[in-house]
Amino acid sequence: MEEWYGQVAPREKLLKYGAAVLTDAELLAIFLRTGIPGMHVMQMAEYLIEEFGSLYGLISADYQALCAQKGIGVSKYSQIQAIAELAGRCFSSHLMQESVLQNPEITQKFLQNILSHREREIFLVMFLDNQHRVIRHEEMFTGTISSVEIHPREIVREALKVNAAALILAHNHPSGKAEPSQADRLMTTQVIKACSLLDIRVLDHLVVGRGECVSFAERGWL
């Protein structure tokens with residue numbers, strides 16, 4: 001079996017054990033394919049993830065920040081952006097084909113992929129049809145590292161624009177801890193009241209942390 005960097009090559013490891021056992025750096029190394037003089041591709045992958053703080057930090061970095069790294073040019077930047085876009089489209093297409101209530105795990109993974117590593121609080125709304133399939137999702141409000149101000153009327157206006165019958169609310173906690181605050185619960189109540197005037201249901205509010213997601217519906221708070 002081929003070895004890289006003193007260990008089993010990521011591609012060989014993937015073929016033998018499956019992609020799920022690979023680390024973030026190993027998966028990235030498969031996409032990058034080659035390193036640079038003096039730095040093996042595995043070392044390069046590990047360095048990039050460490051430099052940007054996380055895999056999400058890496059794939060969401062802009063062109064200037066990424067290309068400032070030695071060995072990263074247009075080609076590797078394009079590869080990294082393609083990874084991010086493919087992942088997003090995969091989740092989106094899956095969500096749009098079935099009711100989100102039938103597969104809550106996919107919904108939570110989708111939201112974690114988008115929100116879990118953001119440095120500011122982001123309030124996202126998923127707009128659903130009458131069969132609870134996703135019409136579209138939108139990051140509606142951006143806050144600070146510890147709070148986000150929302151406007152229920154804007155959410156209702158957007159829901160009417162796309163003819164949504166129901167919503168799923170979501171926001172992240174940059175601290176990494178997903179436990180909802182009293183402010184989160186009050187915010188949810190305000191949105192529910194505004195939506196109920198037009199018979200739009202709020203099915204859930206998900207608070208996203210790092211590696212965890214808390215559902216208001218599962219806690220019986222709606």
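Positions of Cβ are set from backbone N, Cα and C atoms, glycine also.
Of the listed candidates (D184, D199), Swiss-Prot assigns D184 to the same Zn(2+) site as H171, H173. Fewest Cβ neighbours within 10 Å among the binding-site residues H171, H173: that distinction goes to H173.
In the predicted model, the domain 'MPN' (100-222) has a mean pLDDT of 93. Helix, strand and coil counts under DSSP for the domain 'MPN' (100-222) come to 37 helix, 34 strand, 52 coil. Counting only same-chain residues at least 6 apart in sequence, those with a Cβ under 8 Å from the Cβ of D184 (Zn(2+) binding site) are H171, H205, V207.
Neighbouring residues of the recorded Zn(2+) site, listed in sequence order and excluding H171, H173, D184, comprise E121, V148, N172, A178, P180, S181, V207, V208 (Cβ within 8 Å of the Cβ centroid).
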